[in-house]
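A.B. asks: Questions regarding the structure given below will be posed in turn.
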Amino acid sequence: MKSSASKKSNVSTSNGQATSSPTLTENKEDAIPKLDKGKMKAHPTELQDDDEKNGSMTLPKTFTVVAGSYEKLLYGLEGSLSYEEGEPSTLKGTLKPLFIFPAHVSGVKSVAGSPSGGKWLASGSTDEIIKVWDLRRRKEIGGLMQHQGSITHLSFPTRSHLVSASEDGTICIFRARDWVLLRTLKGHKGRINSVAIHPSGKVGLSVGKDNALRMWDLMRGKGSASTKLGKEGELVRWSLKGDCFVIQSGKSLDIYTTDMALQRTITHSSRVHDLCFCKRADDGDKEVLLVAGEDKKVVIYDMSGGDETTLPVVGSLVGHQNRVKAVDIITVALPSFTPPTPVSSTTLACTISSDGWIRVFDLAPILSSKADNVIELQAIATYDTKGSRLTCLTVADGELVNNNKSKNGKRKRADEDGDPEDTGDAWVGFDEDVSPKEDD
């Protein structure tokens with residue numbers, strides 16, 4: 001793997017869509033130059049994996065939890081589900097250590113796992129290096145040293161692209177097939193705190209220390225607009241449908257429409273550390289927002305109710321003895337049971353805390369409930385790191401259900417070669433023969 005700040009570093013990502021509004025200013029000075037039209041594909045390519053397009057997503061029956069810590073350690077745990085003996089309604093989980101090792105020379109600040117199979121793991125640190133790991137083979141692939149500051153954000157919008165951000169004020173887009181740096185997006189003055197890619201893969205948002213919200217046109221690889229927030233945005237998240245996004249600052253949650261109109265402002269009960277959207281089981285169009293906070297719990301809001309200053313609380317995840325630093329979700333297949341259960345999958349939430357514990361919750365009672373009361377959930381699985389100061393979290397697919405040898409064997413070989421069938425080049429406007437470049 002190339003591991004320098006030269007024009008060939010590698011990886012990539014996708015997600016995003018939104019439209020600019022009069023409240024935004026066009027980035028003329030900071031705009032990344034448009035790509036030569038002769039080097040762009042004639043039409044955009046949808047950034048979805050083949051199995052997503054075909055509606056043939058296979059759910060995992062196990063999952064991998066990876067957490068980073070101030071002590072430089074990466075914790076990898078294999079999670080699995082089972083029923084209490086004779087009780088199909090009582091689900092329990094187990095977390096078994098897969099690996100625990102020092103991954104960087106300083107504290108780990110961000111981790112991300114690739115979706116749809118969970119082959120790749122990326123970790124970022126205050127040592128300014130992004131390390132890439134093969135979760136299946138459990139080995140290090142190499143280091144990406146494009147950034148000149150601590151790594152503040154990592155995400156895989158698709159399995160074929162990685163997005164990173166840093167205190168150096170840049171966003172990098174890498175291609176996972178060969179770990180080439182495709183674009184460097186510049187515009188922020190100082191540290192970038194968070195990046196969010198729209199579900200369509202066409203638009204990205206970022207917030208940083210400069211109090212700015214920036215919009216990125218990912219089809220052209222350029223900044224499209226920016227606006228001053230009047231405060232430092234710490235987190236930005238798109239909803240799963242992509243019809244709104246949330247910017248967090250301290251206790252404040254500002255919810256915007258896609259045309260950048262502020263819809264409502266919610267004041268949480270404590271300082272917020274992480275956000276995560278999740279679909280409701282009873283209605284695919286409705287979503288809830290999981291908010292991890294200083295108050296030692298995760299509060300779950302119903303996005304479909306409330307008024308300009310409130311959202312209804314439908315549940316909470318409890319059990320931690322200190323601030324909850326991060327939350328992530330994954331949908332997994334339920335274990336087989338005789339007689340068969342009426343549902344075949346469930347959504348799990350995984351949390352980490354400064355208390356050193358990793359907890360897994362089954363969200364089914366909240367996501368399927370139509371009652372008005374607030375449901376308080378305890379963890380179905382826990383793991384104690386014995387005092388590690390956990391900082392970041394990702395949950396990746398484990399073993400898949402119905403492991404068809406002909407289909408999955410072919411996909412596995414393709415994945416090990418870096419998904420050559422899914423380059424995602426059109427996402428950044430590149431043809432296959434165009435050399436990656438860094439924008440001035």
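Glycine residues also receive a Cβ, built from the backbone N, Cα and C atoms like all the rest.
According to TrEMBL, the record shows the following:
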- 1-14: compositional bias 'Low complexity' (COMPBIAS)
- 15-25: compositional bias 'Polar residues' (COMPBIAS)
- 26-46: compositional bias 'Basic and acidic residues' (COMPBIAS)
- 416-433: compositional bias 'Acidic residues' (COMPBIAS)
- 1-56: region 'Disordered' (REGION)
- 402-440: region 'Disordered' (REGION)
- 101-143: repeat 'WD' (REPEAT)
- 185-226: repeat 'WD' (REPEAT)
A.B. asks: Based on DSSP, tally up the residues of the repeat 'WD' (101-143) by helix, strand and coil.
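C.D. replies: Looking at the repeat 'WD' (101-143) with DSSP, the answer is 0 helix, 24 strand, 19 coil.
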A.B. asks: If you average the pLDDT over the repeat 'WD' (101-143), what number do you get?
C.D. replies: 94
A.B. asks: In the repeat 'WD' (185-226), how many residues does DSSP put in helix, strand and coil?
C.D. replies: 0 helix, 25 strand, 17 coil
